[in-house]
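S.K.: Before we start, here is the structure in question, set down as structure tokens.
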Amino acid sequence: MELLASLAAEERWLYPAFLVMYAAIYCVGQLFVFRRWAPRQRLDGSSCLISLFHGTPAALAAAGAILALPAGFRSFAAPNARLQDYVLDYSIAYFTMDLLHYLAFLPGDVLFIAHHLATLFVFLTCRYMVRHGAYALLVLLVLAEVTSLLQNVWTLAGIWRDQSPAAARVYGALSPPFYVLYTLVRGVAGPLFLLKMTVFYLSGQAVDVIPWWVRISWIVVVGTAIAVSNLWIWNLWKELFRERNQATAKSMKDT
């Protein structure tokens with residue numbers, strides 16, 4: 001709490017420092033942590049590494065920035081608090097670094113590039129243009145990143161599972177709990193909060209502080225992201241059940 005109070009007491013522009021931090025972490029991943037991996041695996045591993053340094057810290061910081069405010073200021077139209085702006089800068093720096101990664105090395109991965117551009121648009125308009133509505137975006141950030149640690153470990157194990165039986169076991173063990181948690185967050189909590197956010201913004205209660213096109217664009221971007229996330233996890237569930245059914249059929253055949 002003393003750290004939060006110290007940060008809130010002075011206005012600072014932390015985005016450049018955060019961007020340099022992510023760039024350094026990315027270089028460490030490329031040059032040292034994953035240097036023995038194949039080129040494509042090294043790229044994916046380095047992206048996961050900066051995601052590890054973003055996801056859980058961002059979720060905790062967002063929750064702290066929300067809880068640090070009086071309940072009356074937790075509104076979809078409330079002005080951004082200083083701590084909220086710092087959390088937005090932290091995430092903006094991450095998405096900038098990861099976007100540069102995709103543009104430089106994986107320009108064909110259009111879905112991730114589009115996702116990062118859309119996310120940056122939402123965060124940047126909230127942070128630097130309208131300067132209101134951070135509460136809504138930070139709640140969504142908590143929901144988006146609460147699965148980040150599990151997802152990144154699962155992803156790294158998946159990258160390495162063909163070369164390592166231990167990684168394959170970790171991937172298999174983490175898949176069901178990760179899928180369940182992700183489904184609950186993205187399939188239940190996320191849509192419910194988006195519905196509440198949509199009703200508020202379409203009611204016109206934020207008309208004096210957030211332009212209509214910004215409100216609509218936020219709703220469209222968040223809604224699209226949730227829909228794509230649910231499609232992704234649905235396909236993973238189908239693949240998991242197909243693999244389990246194939247394994248069961250093989251074991252019955254062998255016996």
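Heads up, the Cβ atoms here are built off N, Cα and C, so glycines get one too.
Copied straight from TrEMBL:
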- 13-34: transmembrane segment (TRANSMEM)
- 40-245: domain 'TLC' (DOMAIN)
- 46-69: transmembrane segment (TRANSMEM)
- 99-123: transmembrane segment (TRANSMEM)
- 135-159: transmembrane segment (TRANSMEM)
- 179-200: transmembrane segment (TRANSMEM)
- 212-234: transmembrane segment (TRANSMEM)
S.K.: For the transmembrane segment (46-69), which recorded stretch in the set 13-34, 135-159, 179-200 gives the largest number of Cβ pairs separated by under 8 Å?
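M.R.: Answer, by Cβ pair count: 135-159.
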S.K.: Can at least 3 Cβ pairs under 8 A be found between the transmembrane segment (99-123) and the transmembrane segment (179-200), with each pair 6 or more apart in sequence?
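M.R.: Contact absent: fewer than 3 Cβ pairs fall under 8 Å.
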S.K.: What mean pLDDT does the predicted model reach across the domain 'TLC' (40-245)?
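M.R.: Across the residues of the domain 'TLC' (40-245) the model's pLDDT averages 96 on the 0 to 100 scale.
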